[in-house]
Amino acid sequence: MELSIISLLLFWMILLCLDNSIVLGLLPSSTPLIAFNNYLFFLLFLLPLVGIVTDVWIARKKLILACFYLSMITATLLAIYQIVKYSLPHYTMSTVYSSILTVIFSLGFTAVRANIILYYIEVLVIRGASSRELSSVIYKHFLTIISPVLVYHLFYCVLTRYHFDKAIIVQVAIIFIIDGVFIASHIILRKIFQGPREVNKLNPVKLVVRVLCYAKKHKYPESRSALTYWEDKAPSRLDLGKEKFGGPFKEEEVEDVKTAFRIAPLLICVFGYATSMEIFDNSKYIKEEDSLCLFQFYVIRFIISIIYIVLYKFLLHWNCNHFLSSMLKRITTGLVLLFLSCVSFAAIEAVAYLKSNVYNETEFINNETVTADNASVIPIFSSYWTIPPYILYAISYSLVFITSLEFVIAQSPYHMRGLLVGLWYVNVSLGLLVGENLNFIYTKYLTDSKPNPQFYLYLTRSIILTIVIIGFSFLVKHYKLRIKKKDINVYSVISEVYGKYLEQEEEHKKHMYEQLQ
């Protein structure tokens, strides 16, 4: 039953990602892209609140189903809007309508992404799955996100390459088919979702605030237990809240708060990765009439990422665990590979500038550079020069992006998973926000710079990644892995020992009495 639920949700996630790709592709060209992206990234800051809601008040299963239906319904309304716009070209409708629907769809989509991975983990934990199965479902989740985007992009490239004039109608038809398949599958298989799913009664935010307030008010233990004097280290201010130091909190609750504070700074790795996500779009270098979908960055990145994820899970998993046994070491390696990728692109831009002496007309992706007088063509670079940096970037996607989420889920306390995964998405959105705005500033205000703006953009990303790598390495060195201890009831152990002693004493007396008779 549990595996059926996970398989169905993975299938629904593929459908939802296809819908997301089509919806973003149908966004009106008149929409200010930078403002729209900033608004979408701002919505991601609400995900920690969504995580708290699912941790405390609403069952995660109900929220996921509600967000699925919200996204599918808004996608259907957008499809109807496109039909009306295509059928009645003289009928003017405001683009605000489609933009609002797109924002609502994106909000539901991100809420599903933030909670569905936690629901996978909950279902597998109830089943008693191993750590390898838990890791495998995380990689499958990312494959369900990457694969539909790749399929849609290749499909859209085919439509536009052959100048298919009814591409919008085809995309709208796909939306209707996807929504119909989703509703039909839910109606047919709704029984597998039956059964109560309890939510936690412990509010993680209240717990953190209470522990911090107690630590602020108390500098010394209230009534310290005699057993605590055997400990080597003096208790910290947070440790004073434990019951053994006279505090009102259990030891696990205080350790959960300390673990959350240790994990939160480590999310800087995701911020550093996300700042470089919007930079590697080489579509501006490709002419419209000579465009090759194979050399679009998203296609290359997704193809290499899918290949690497499959190879990693089936072939490279044991080798990586042998040489990079810690997830934190894998994340650090991924950041270094991302830095090398960024530096490689900056070097390509610098060499292209030195070879051509043309500041804004460098088109090395097309294997040509237009001179200043636009009279001759000088070959400089082939598009294959950009493939090695793409490979480094795709490998870093698995090592940083996926492994960091796996680390957060593995180390975070049960009642704080929604909050910490929401913080993970906040760092992603913050990095995307910084990267998108830097890209906008450099391309708009440094158009006459020498070399071209892309060189300075790559250089800025390299500096940011250097700071992130240094800070992350320092945090990793001082990070203490959380190893949960099993609770031992001392009173039950003592009573069990004395019970066995009394039973043996009684049997001994009985045996001696039988011998005397």
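Just so it is clear, glycine is given a Cβ too, placed from its N, Cα and C backbone atoms.
According to TrEMBL, the feature transmembrane segment maps to 7-27 (among others). Residues of the same chain lying 6 or more positions beyond the ends of the transmembrane segment (7-27) and with a Cβ under 8 Å from any Cβ of it are 36, 64, 68, 71-72, 75, 78, 82, 98-99, 102, 105-106, 109, 112, 116, 119-120, 140-141, 144-145, 147-149, 151-153, 156, 168, 171, 174-175, 178-179, 181-182, 185, 189, 192.
The transmembrane segment feature in TrEMBL is assigned to 39-58 (among others).
Per TrEMBL, the feature transmembrane segment maps to 63-84 (among others).
Here TrEMBL flags 96-121 (among others) as transmembrane segment. Same-chain residues lying 6 or more positions outside the transmembrane segment (96-121) and placing a CB less than 8 Å from one of its CB atoms are 6, 9, 13, 16, 19-20, 23-24, 26-28, 31, 36, 39-40, 43-44, 46-47, 50-51, 54, 60-61, 63-64, 67-68, 70-71, 74-75, 77-78, 81, 134, 137-138, 141, 145, 405, 409, 417-418, 421-422, 425.
Under 8 Å from some Cβ of the transmembrane segment (142-162) lie the Cβ atoms of residues 10, 13-15, 17-18, 20-22, 25, 113, 170-171, 291, 293, 296, 298-299, 302-303, 305-306, 309, 401-402, all in the same chain and six or more residues away from its ends. Residues or ranges marked as transmembrane segment by TrEMBL: 142-162 (among others).
Look at TrEMBL and you will find 168-189 (among others) tagged as transmembrane segment. Through the fold, the transmembrane segment (168-189) approaches residues 4, 8, 11-12, 15-16, 18-19, 22-23, 25-26, 65, 68, 72, 75-76, 78-79, 82-83, 86, 156, 159 of its own chain, all at least 6 residues removed from its boundaries and within a Cβ separation under 8 Å.
Within the same chain, residues 204, 208, 328, 331, 334-335, 338, 396-397, 400-401, 404, 407-408, 411-413, 416, 419-420, 423-424, 427-432, 434-435, 438, 461, 464-465, 467-469, 471-472, 475-476, 479-480, 482 sit at least 6 positions outside the transmembrane segment (259-275) and bring their C-beta atoms closer than 8 Å to a C-beta of that stretch. As annotated by TrEMBL, transmembrane segment applies to 259-275 (among others).
According to TrEMBL, the transmembrane segment annotation covers 295-315 (among others).
Per TrEMBL, the feature transmembrane segment maps to 335-354 (among others).
According to TrEMBL, the feature transmembrane segment maps to 390-409 (among others). If one looks beyond the transmembrane segment (390-409) by at least 6 residues along the same chain, the residues whose Cβ comes under 8 Å of a Cβ in the stretch are 117-118, 121, 134-135, 138-139, 142, 263, 266-267, 269-270, 273, 276, 280, 297, 300-301, 304-305, 308-309, 312, 327-328, 330-331, 333-335, 337-338, 340-341, 344, 417, 420-421, 424.
According to TrEMBL, the transmembrane segment annotation covers 416-435 (among others). Note on the transmembrane segment (416-435): residues 37-38, 41-42, 44-45, 47-55, 60, 110, 113-115, 117-118, 121, 204-205, 256, 259-260, 263-264, 267-268, 270-279, 404-405, 408-409, 461 of its chain, located 6 or more positions outside it, place their CB under 8 angstroms from a CB of the stretch.
The list of residues near the transmembrane segment (455-476) in space but at least 6 beyond its ends in sequence, with Cβ under 8 angstroms from a Cβ of it, reads 265-266, 268-269, 271-272, 275-276, 279, 328-329, 331-332, 335-336, 338-339, 342-343, 345-346, 349-350, 353, 435, 438-439, 442-443, 446, 449. What TrEMBL records for 455-476 (among others) is transmembrane segment.
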